[in-house]
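Please read the structure below before turning to the comments.
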Amino acid sequence: MNSRVFNFGAGPAMLPEEILKEAQEEFLNWRNTGMSILEIGHRTPEIINLLSTAEQSLRELLNIPKNYHVLFLGGAARAQFAMIPMNLLQPGDEAAYFITGIWSKMAYHEANLLKQAYYLSNEEKEGFVSIPDYQKWELKSNTAYVYYTPNETINGVRFPYVPKTGGVPLVADMTSCLLSEPININQYGLIFAGAQKNIANAGLTVVIIHEDLLKNQPEPVIPTMLNYKNHAEHRSLYATPPVFNCYLASKMFEWIKTQGGIEGLFQRNCLKAAKLYQYLDSTDFYLTPVSKEARSIMNICFSLCYPDLEQKFLYMANERGLKALKGHRFAGGLRASLYNAMPMAGVDALIEFLSEFAKENG
């Protein structure tokens, strides 16, 4: 198959074709340097300017105030599960977690290694298909931060509201939803996101952190590579940053502006998700486990009423150029991820295939 396919994978996800073509054209000789972007030193004026431009573009998109730091860190977003409690918890503090899916469960268990974490809600017994009722929780007096995952990539669950914390810093894993919908940065103490959904390719983690959270470092001293304050003071250049990822991210930020900004993409994302859910709800052949009020816009989880047909389904979808529809190994079933770069044409092609498969096998 020579033509581009529709990649419904949860990550790495589709990137806009125009960005890939730009990167291809610039790959051997970036900005007339005679070098590839992969070869240029990270402390050269060109790369320092690239990082500065990327940060400024992200600040404009999200309206990030000056009292927040933007960090471009190498590695998986999962590292933040440990970095957050290490940086934000003092002796005697505790962290409160909403456990609404696999990723928040993992984050809680990582924080609990310090024996300083508790959960406000745990939706695992119900199968991670719903969100806790609004404001039905109580924080301990020694709570240093509240942690939640607005969009659970694996389980397809989305918070329809931002938890109120009474002034306690709110920490959010926005790996699969940052830049897909408008947010108010001032509601958060810290936001982080892996890049491989809506930002760039895998290997970059973006952290947005309020300056107040950098002022009180817990004892003992945090290792330098895991210290937010250290990375902020060095403007993401304490160690070699993932330059190529930042390069693609910078292009993505500018692309988002051409799409009507985050608000424009959010409207499009809502339409894409609504169209797919509407079809899935119209037939008994496909099952959707998540309660309607908690459905994700980015990650639509579903299954077949005849599970033994799943391998056939995936094979035929793959032959049609509909890739990576298999659900996560921890959740099973099927999943269609509709990130920013997924066009409506991809959703239409998927619905057409779903309809045909149901008619032929129902």
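Placement of Cβ uses the backbone N, Cα and C atoms for every residue, glycine included.
Record features, source Swiss-Prot:
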{"type": "BINDING", "residues": "Arg43", "note": "L-glutamate binding site"}
{"type": "BINDING", "residues": "Ala77, Arg78, Trp103, Thr153, Asp173, Gln196", "note": "pyridoxal 5'-phosphate binding site"}
{"type": "MOD_RES", "residues": "Lys197", "note": "N6-(pyridoxal phosphate)lysine"}
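Take the Cα of the residue listed as 'L-glutamate binding site' and measure to each of the recorded positions Asp173, Gln196, Lys197: the nearest one is Gln196. Residues listed for pyridoxal 5'-phosphate, Ala77, Arg78, Trp103, Thr153, Asp173, Gln196, cover a largest CA to CA span of 15 Å. Compute the center of the Cβ atoms of Ala77, Arg78, Trp103, Thr153, Asp173, Gln196, which mark the site for pyridoxal 5'-phosphate; besides them, the chain residues with Cβ within 8 Å of that center are Gly11, Ala76, Thr175, Ser176, Ala193, Gly194. It is 15 Å from the Cα atom of Trp103 (pyridoxal 5'-phosphate binding site) to that of Lys197 (N6-(pyridoxal phosphate)lysine). Here the C-alpha separation of Thr153 (pyridoxal 5'-phosphate binding site) and Lys197 (N6-(pyridoxal phosphate)lysine) works out to 10 Å. For Asp173 (pyridoxal 5'-phosphate binding site), the same-chain residues lying six or more positions away in sequence with a CB closer than 8 A to its CB are Ala77, Gln80, Trp103, Ser104, Ala107, Tyr147, Tyr148, Thr149, Pro150, Phe192, Ala193. Here the CA atom of Arg78 (pyridoxal 5'-phosphate binding site) lies 14 Å from the CA atom of Lys197 (N6-(pyridoxal phosphate)lysine). Listed recorded positions: Arg78, Lys197. The one with the lowest count of other Cβ atoms within 10 Å of its Cβ is Arg78. Other C-beta atoms found within 10 angstroms of the C-beta of Trp103 (pyridoxal 5'-phosphate binding site) number 22, with every protein chain shown included. Neighbour list (Gln196 (pyridoxal 5'-phosphate binding site), Cβ cut-off 8 Å, at least 6 residues apart, same chain): Gly11, Pro12, Ala13, Ala202, Gly203.
Following the DSSP three-state reduction, the secondary structure of Gln196 (pyridoxal 5'-phosphate binding site) is coil.
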